[in-house]
Amino acid sequence: MTVAVDISHRLGAFTLDARFESAGRLTALFGPSGSGKTSLVNLIGGLLKPDRGRIAAEGRVFVDTAQKLFVPAHKRRIGYVFQEPRLFPHMSVRANLLYGRWFTPSAERYEDLDRVVDLLGIRHLLERRPSHLSGGEKQRVAIGRALLTSPRLLLMDEPLASLDDARKAEIMPYLERLRDETKIPIVYVSHSVSEVARLASDVVVLSHGKIVAFGPTGAIMQRLDLLPKESQGEGGTVLDMRVAGHDDEFEMTILRSTAGEIRVPRVDTAPGSAVRVRIRARDVMIATELPRGLSALNVLAGKVASIDTSDGATVEVRIDCNGEMVLSRITRQSMNALGLAVGLPVFAVIKTVAFDQENLSRTGALHDI
Ligand SMILES: Nc1ncnc2c1ncn2[C@@H]1O[C@H](COP(=O)(O)OP(=O)(O)OP(=O)(O)O)[C@@H](O)[C@H]1O
């Protein structure tokens, strides 16, 4: 599963220069408004033709200007999901879902209605008209319609942006299932840190038409400098952990990774399953001794790997917990009081509040091996 992009394209005064190759299940295009995310998606989808370059997915070349090759949008078999669901109002959900199917030759159809309907939990909606659906339900139907074209690649351009928080929370698990249970690579545009932290396997960070960073989600989320000022409090650590067991008495789940063990409010999934945990840097305190008499349940042992003091009153401390980095944001005053220095053994103390459901999500394999 790879998506390979190497293009330059001019739009008026704006120039997009993008080069990345992702083997991830869900590659997020992340960046502020006007950074070029939608233009990049439109180039991949074939709605725009690049001035120069090459775009390929799943080993199929869609554009190669050097070879004068340009596969038109309708021949790329790419599923598109937009911010607005764009369903046909006069057709039932069933008819909307089946609509896209006809554009795919029958020999190449690998999705069927039953599977898609179950994946997205929309069986009870099949006979309704779109006007009788909630925003979240409409968007699930729009995703189903894109899936039923049996696409080679799914492009999702801010699919949650027009939904309120409750609808976003409702649809998230379906996006996770889509990522984990279908084999379709997904390119997902978002400017929400929490969405990217939860869903993405890899992140392309765009700024003014250039890629300023590309890498696995965990590495990108630790680069608080890449996040917009107003979202820096959302940045931190993304740990992909496994369920080690459940504690029925206290309704907790024990998660483990090489960083150590943590306890979180119960996640209903079997031991051995993968769970992604997001820990905001501001929710991690640092102790130089193993804390006692503290309500926080989660303490990971490590060593200070780096300290970034470039930001005035607060500092960012990266703690190497047995090879996995945990990021903490504390005051410069606390840093001095603790005498923190690179190499010092410390304990990362994670506030329990860090583990609300928004920050815990089930995952499957995020990359193909
Ligand atoms: N056809 C066009 N002609 C001239 N400029 C364009 C054209 N299309 C897009 N642009 C400019 O290209 C830049 C990138 O736009 P784009 O929509 O790709 O950004 P974006 O990151 O998706 O933003 P948003 O998050 O607001 O959707 C913007 O400055 C936009 O004004």
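Cβ atoms are placed via backbone N, Cα and C, with glycine included.
What TrEMBL lists as domain 'ABC transporter' is 2-233. Taken from TrEMBL, the feature domain 'Mop' applies to 293-359.
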Worksheet item: So, by DSSP, how many helix, strand and coil residues make up the domain 'Mop' (293-359)?
Response: 14 helix, 33 strand, 20 coil
Item to complete: Averaged across the domain 'Mop' (293-359), what pLDDT does the model get? Just tell me the whole number, please.
Response: 88
